[in-house]
Amino acid sequence: MVSTNGYDALLVVSFGGPEKPDDVMPFLENVVRGRGVPRERLLEVEAHYQGFGGVSPINQQCRDLIAALDVDLPVYWGNRNWHPFLEDTVRQMKEDGVRKAAAFVTAAYSSYSSCRQYLDDIARARAAVSGAPEIVKLRHYYDHPGFIAAMADHTRQALDRLPAGVREQARLVFTAHSIPVSMARTAGPTGGAYEAQLRRAAELVTAQVDEGRSWDLVWQSRSGPPQVPWLEPDVCDHLEALHAEGVPSAVLVPIGFVSDHMEVVYDLDVEAAATAEKLGMALTRASTAGTHPRFVSMVSELLAEPEPAPCAATCCPAPVRPAARPGQ
Ligand SMILES: CC1=C(CCC(=O)O)c2cc3nc(cc4[nH]c(cc5[nH]c(cc1n2)c(C)c5CCC(=O)O)c(CCC(=O)O)c4C)C(CCC(=O)O)=C3C
Ligand SMILES: [Fe+2]
């Protein structure tokens, strides 16, 4: 089977996550290799994963998305940081005779971490496999009607779960993974694209849910050394600020992610929920797009679009990282 664009396979590319306690540290080492994440932060994050039995939900969420897809092509799946590794998948694709695959990446926005790094992962996997298929990354979909409709539906459901007495005044608090300020500055073809795209998506979702309702965009899951500036405010600090302003309730909308993986269930459902509880604020959280039917059909729609132009080589450049000091 070959699609109208000549694709003979679909490749789902994701982050990957541990599936048992012994996977956690090797997975984390893969994530942070060469990235200057302090050891204390790593051990903290290890505890989050171990608290969930050493299992990240993300791999099963990829399987569920793949099972829900309705495409006339063979579907493959490869990850950046854990099994099934992209390189093994690309080798399998080659053995199966795949010649030109479309890649659907489970990250909707432009930035080094959410776009360029996946392109580099794909390039590295292809370089390791002689005769590897051509792999075309599908376009960014942060503003696609399918993604927006799924998030709007889930946001409405989360609003409905708030006590009726505080629903009217509830703030929509959109969240995304924080990134270093320097990475945010250089995101996209002309810089600033990560934030600008997130704001656009938040605006589109709000317009469908309740035009005119107040919303904010804040950040979660900050990593990296403390002296490096990352996007702020953090979601928990923001809840404190809203509370101080007299806002009685909020709906968290993790617009920056496409499934309810560990960053969502730990940083929002555990940490942010505890902050709201302490403040006496009513808080619910919208599900991510996951396997919402409109998000699933979006993948088919992207496959049918004309082949996207590749990102310019200067788009979303890799951060310049200071060399690690000895002993770090
Ligand atoms: C923009 C962005 C996305 C969204 C786009 C996308 O989805 O790709 C994302 C997603 C995710 N991030 C994830 C997990 C982690 N991210 C880390 C660290 C980092 N993330 C960063 C950025 C992003 N990350 C950055 C700049 C770092 C610092 C290190 C570096 O410069 O690369 C660390 C290290 C420990 C720590 O948190 O310090 C972990 C464990 C998981 C898996 C969750 C699960 O297992 O269910 C997912 C989906
Ligand atoms: Fe991350």
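Numbers here mean position along the shown chain, with the first residue as 1.
Cβ from N, Cα, C; glycine included.
Copied over from TrEMBL:
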type	residues	note
BINDING	Ser56, Tyr118	Fe-coproporphyrin III binding site
BINDING	His177, Glu263	Fe(2+) binding site
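Shown on the structure are the features that TrEMBL records.
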residue : record                             : DSSP (3 states)
Ser56   : Fe-coproporphyrin III binding site : coil
Tyr118  : Fe-coproporphyrin III binding site : helix
His177  : Fe(2+) binding site                : strand
Glu263  : Fe(2+) binding site                : helix
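Highlighted here are the binding-site residues (Tyr118, His177, Glu263) whose C-beta falls below 6 Å from ligand 1: His177, Glu263, in sequence order.
Distance between Cα atoms for Ser56 (Fe-coproporphyrin III binding site) and His177 (Fe(2+) binding site): 17 Å, as a whole number. A sphere of 10 angstroms centred on the C-beta of Ser56 (Fe-coproporphyrin III binding site) encloses 26 other C-beta atoms. Around His177 (Fe(2+) binding site), the same-chain residues six or more apart in sequence whose CB sits under 8 Å from its CB are Ser113, Ser114, Trp219, Gln220, Ser221, Gly256, Phe257, Glu263, listed in sequence order. Remark: Tyr118 (Fe-coproporphyrin III binding site) has Val13, Arg80, Ala103, Val105, Ala107, Lys137 as non-local neighbours, by Cβ distance under 8 Å and separation of at least 6 in sequence. Counting every protein chain shown, the number of other Cβ atoms lying within 10 Å of the Cβ of Glu263 (Fe(2+) binding site) is 22.
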